Structure formats: C-alpha cells, structure tokens
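Copied from TrEMBL, the annotated features are:
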- 609-874: domain 'G-protein coupled receptors family 3 profile' (DOMAIN)
- 1-24: signal peptide (SIGNAL)
- 609-633: transmembrane segment (TRANSMEM)
- 645-667: transmembrane segment (TRANSMEM)
- 679-703: transmembrane segment (TRANSMEM)
- 724-744: transmembrane segment (TRANSMEM)
- 764-792: transmembrane segment (TRANSMEM)
- 804-824: transmembrane segment (TRANSMEM)
- 836-859: transmembrane segment (TRANSMEM)
C-alpha cells in the first residue's frame, strides 16, 4: 500500500511542477518552460524514434530533497553494477541490430535514451518523467501537435515496486512500458496499469510453476518464507489461494522474513522450521533476506531440508559456497529463461569511453564502467560519481585483456528479456507503419504514422504483437500484458571436488495451445540427502484405495486420517475424499477397492441341500413307479381290486406328480418356473386328496350298502361318479390357479434385504390371497377326508382302508400345519427348501400310509391277499 501512497505523492508533485509553469506564463502562452532539470547518469543515441530505458547501474545512492522549492540538487550514485550495465548495453545492441535489419523498420532509425535508477524509487520516477517529457528547456506549443513524443516507450523497470509507481503515472497518458524483470502479479491489473507489458512471467505463473514441481514430486506439505514487500506478499496470497484446490497441497507455515537485523525473529522462524514436519521450504524473497536467514540456519545446523528458490535469488552466487552448500545443496530454483544473443559479445567489446564529453551526464555511464573495469579514473570525474582513485584512464585500454563480468554472455537471462522487450516495441511500430491507409484500426479506419505518433497507438499494436526470437521462443502478450511465460528450472549441485554447479534440469512453460507444461530431467537432479532420492514431505500419508480421507479437526486439509470404506462402498483411487456406493447388483471387495458381483443365492441343484431334495424327490417318484408297477402286475388280486383299483392307480399317479412338482422349486427362479411351481403343486395335491376323499366316501357307501335297504347308496358311487367327483374337485383348484396367475402372477425377484452382499433369487407369490386360497382349498379337502375316514375307522372289515386314510391324513395335516410358520420365518432359499420338504414329507406320508401295508401283503404275505382274508372270517365268499 505504501507504494501507491508514494506514487500519488510523486504524481502530485509532478502536476504541481507543471502547474507552476502554467501560472508563471500568460494565460494563453504559446510555450511552456521546464522549471527544473534532473541530471541523471545515462547513455543516449539519437534516432528518428527514441526508446527509453531504466536500468540498475549502481547499487547505492543518496538522493536530493524532493521539494521543488529547494535549490536543485542531483542524486549521487555509487557501487557500480556491471550486470545492470550489461543489460543496458543489450538494449543498445538490440536497437543497433534492428537498425541494421532491412526487413524490420526499414527507413526508420531507432535511438535510445537509457537512465540509471540507482535502485531508488524517487530517482527512477524522475528518470521516467524526464524520458516522457523531454529535457528541452522550452517547448513551443502549436495548434496541431505534430511530431514524435520524446520516447516511444520505456523498457523497464527491473523492480516491481518501481514499475508500479512509474506505470501508474505513464498509464494516464498510455505511454507503453515493457518491463524485463518486474514480476509482481498485481501489475497484471489492466484497470490500474493499462499500458504496462512485460517480457518476464508474473509471480502468479512462478507460483504455479512451483506448484507443478510440488505436484510432480508429491510434496503436499511445505513451508513458505516470504520477503516483507509486495514481491513476497503477492506470492503468499497466490500460494494460499492456488496451492490447495489446484496443487493438492498445504502450507505448514508462512513466515515473513524480517527487514534488517532481527536475530530474535530469525531464531523463532528457524526454530519453527526445525520443529515442522515439512521437509520442503519455499523461499520467495530477495538475496538480502536470505543472507541473514542462512546465518541462523548455519548456527542451528538445520539440515535435511529441500529448498525451492524464487527467481530473485536462485542464481545468487553468494550462497554457493563450501560453507552453505551442505545446507543449500540440491536446491531447486525457478530462473528466468536463458537465451542466446549472437553478436552481443562483439558489440560489448566495441564499448569505448567518450573522452570529449567526460563531464557530461549524457554518456557518463560508459566512462564509469571503464573506470570500474580498469580501476582508473578520468580527470576530473563526472558529477555524481564517487572517485575510485587509481591511475588516469587513457581510453586506449583493451577490454579483451581484462576479466570482466560484463563480457560473460554464458548465462543471459535478464538480458534476454531486455532483448525481447526492445524487439516487441520495434515489431509494434513496424506493424503500425505497415498499416494500409483506409484499412487501419483507428477512427475512420485511419493509420498511425511517424509525423503524428501517439503512444497509445503503440499500446494497441503491442497487444497484438507476435514474433519468434532467433533462439526459438515465441513472444506475444495476453490481455493483461503478460508475455507467454517460460521459466528454466535450476538445480544447485555440489560436486565431489567441492565445486558448485548450477545445472538446468528442466523448464515450465505455457504455450498457446497446450497450456502449462512441466519438463524435468530427473536424472540430472542432485539430491542433498543420503538416499540420493527426492525427500518425502507430507502431513499425512496418502490414503490407499479402499479408504477415504477424513480431515483432522482444526488442522489443514492435508492433515487427515484414512477411514476404511464401509461395506458396499469403495474407493479405487489414492486419496479419495469419499467412498462411492457399488451398483445394485455389486458389492465391495474385501479390500474395498473395487466392486464385485454380489453372490447369488437360490436353491440350486449344485449345493448339498438342493442335491438332497432332488434325490429325495426322484426317490419318491421311483417308489411311486415301483408301487404302480406292483399294483399293475397284481391288478387281479383282491387287495388291489378292493376299493376301486382305478382310484389307487390315479392316486399313485398324482403322488408321482407331487414328487415331481417339487423339482420346480429347485434351480434359479424363472418366470415360467415361478408360475408353474405353485400351480403344479396345488393341482397335484388336490388330485391326490380328491382321490383319497372319494376312496373314503366309497368305503362308507359300501358299508352302508351291506345293510338291509342300503343297496341304493351304491348307485351314487359308481365308477363314473368317482371319476367325475375327482375331476370336479380338481377343476376347482385349476380355476383358482388360473385366476391367481391372471390377476397377480408369481414372478422372480432379486431380494437384497436378507444379506447386503448377496442377491437372493426367489419367487414372490404375487397375490398372498391367491396363495392362501390355494392352500386353503387343499386343507379343506384334507380335513374333509380326515373326518370321513375317522368316522369309518371302526368298520368291521379285516382290512379297513379307512384306518390307513385316517392315519395318512393326520400326517398330511400335521406337515402342512407346521409348514406355515416355518415357511414365513425362513429366508431366501430356505423358504423354498421348507416348501419342498413339506411336499416330499406329505407325499411320502401318503405313499407309505396308504400303500405300504398293501405292498407288504402283496410281496411278503401273499396268503392274506385273498377275498376271505380281506372281508373277514365271517364273510360270505
């Protein structure tokens, strides 16, 4: 916030300065006079169109009083910065290269005016205003403002803080500013900075690049240290908003590195780093913040950390020493894209001092570079330059014979951004000059031209610029003025011989079509751990498939417990936030990591119970067939002919059907088996019980006919009447079954209520009333047969079949009375088993009770198979 306050203050002074010029002149003055001149270190070259530049060419400065009422004072800068000078010369080289290029801006000569910001906001602000307003003492105003502005645009500044202040002012007049080193994401705000562009990615992308590295290695638990300025604060804000949802990680702690000397605060921060379980530490700060921090890290001997460096200190050589590499070795850093600029070194070698204008501020920077490089001095030294002493400079010294960092072009990173910034402005101007009259983008389809050039026109074309450098990198700006981002990833390697090497191990970039891409060559990465493998930095271990994450109360979302999925639910991914239910016909595996088909349960022919019941059913059928064969073979014997042998044959056939119908209850239920099983069961048993009822009635009729006057009773129980009675009684059951099947037919049903992990296939009866009527009708006939047989049990025949019928009906009724509660309480396949058991038990009861004694006589006591024996001793033959 203080940056904006300073900016407003400077703007206010700037307005007051020009306002004072207007007041001192007549109301309709045709000219305005420069009230104050700022003498700044710089380099200049004339041209048809001039580009401005702001560079850090000194580390320190003393600056004058900002008041315009005070006597003019000039800033004093000292501590020459060779890298800043090389960046300025790179801009000069790019302009020289463009001027020699016949395809780019033909017939237009570019010039430059480059100033030293001395790492001070006030000096940089004064320099930018000098660039856009010019240094002419008096400007004559014309009715038509024809001509070029003092500068077409400004390349700079290197600091986010200074860029915010300068761009706020320049944005009022839409003067384009292309920064090569300002990374604050706040500068992407087009409402506040409408004419700001940059060839370095914003901190927002730098943060996303770091998050991609964290995701690549699975580091979800990290610490964050930031500097006490906009650079750190904006980065922390982006980390806190983006790391959780997109990065899948959390910050174990966020600490602000103190400014200046504050040992107590540094000790507290390092103590917390030691106690934290986070093994990865991200430092988004400048070099000066790290120096004090590392002193405390060394003092407490904090090792075993994986450091991730922001671009502000990732290439700083002051940390790459034998004393600090045991702690910082293996550091992964985000670095500005390294580029190659052919011809730059030759251009730098052509640098020579200006011996004729040594006292001028115009090209004093070259002279100061010369003095710094050869440790000599020009006499007298230029104002604003602190004399270094030494021999006098001749200007004939040879740069090739001296070791200087200015000639080191092996690692061109900020310089490459400067190079791209100059070319971006040049391509924008070139595109404007190639505009065809009448087809332009401005009012009335007009085009811009050199005779009436407006800065905002260059802003328009900068937004649409798109070119590729000789190094192969595409340069274009998005809607926020941010360049298509790309960063190199560096690794600090501690070699066995004690030397340090900074190795490029990958890059992260955003392309127009593929989005953000991370490329890493892990084989090249040096890990400063005994295992020589990347560390593991998580708050909680990943939850394996079959579990879900449950956040620990009061802790970040990366700290969680792994809860096993409940039955019927699964998670088939690592770190699932919830378990998903399996489909209806599936169930969770024992590991809860995938769904498996539910086990199916029904009375099968393959399980032991089904095999037993099938065998019993077939046994009963076989016995019925044997008995039937015996009766057919002995059909002329008295015991077979007694009580109507035809009814006996019908009864045996019906019992055989009863045994066979039980097979319909075994096997997987199907629509036709569900419909047929109860109908076949009901009709078979009614047929059986009807035969028994008619047999009982025949016994009573025969006994009654044996008495005087009872002969007439037999005419109602002849063979036809017996057949008709059986048919009618069976037809009633057939009608009941038909009505039941038509109204609410039994159908197969998948029942999951009994067991969650099983599907029980069963036949639902459809209509409970229909099933009850079917059973009730069988029960009615059985009870009626039992009562009639009970009444006839004491008849005088030696072989009275009524006793056998009474006993058989007693067994039958007992079985089916016990069946009802057993059936209701039996789940799944056991309900079918109970019903089959009742069918077989009652069928065997009838078979044994009715035909057992007869077979015994036929096979074992043939002497009793006579009419006399059957009718009794007193009977008449």
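Backbone N, Cα and C define each Cβ position, glycine as well.
Residues 647, 650, 675, 678-679, 682-683, 686-687, 690-691, 693-694, 697, 766-767, 770-771, 773-774, 777-778, 781 of the same chain lie 6 or more positions beyond the ends of the transmembrane segment (724-744) yet place their CB under 8 Å from a CB of it.
Against the transmembrane segment (764-792), the recorded stretches 645-667, 679-703, 836-859 differ in Cβ pairs under 8 Å, and the greatest number is found for 679-703.
The stretches the transmembrane segment (679-703) and the transmembrane segment (609-633) are not in mutual contact, being linked by fewer than three Cβ pairs under 8 Å (pairs 6 or more apart in sequence). Below 8 angstroms of C-beta separation, residues 603, 640, 645, 648-649, 652-653, 655-656, 658-660, 662-663, 666-667, 829, 833, 836-837, 840, 843-844, 847, 851, 854-855, 858-859 of the same chain, each at least six residues beyond the ends of the transmembrane segment (609-633), sit close to that stretch. The average pLDDT computed for the domain 'G-protein coupled receptors family 3 profile' (609-874) is 82.
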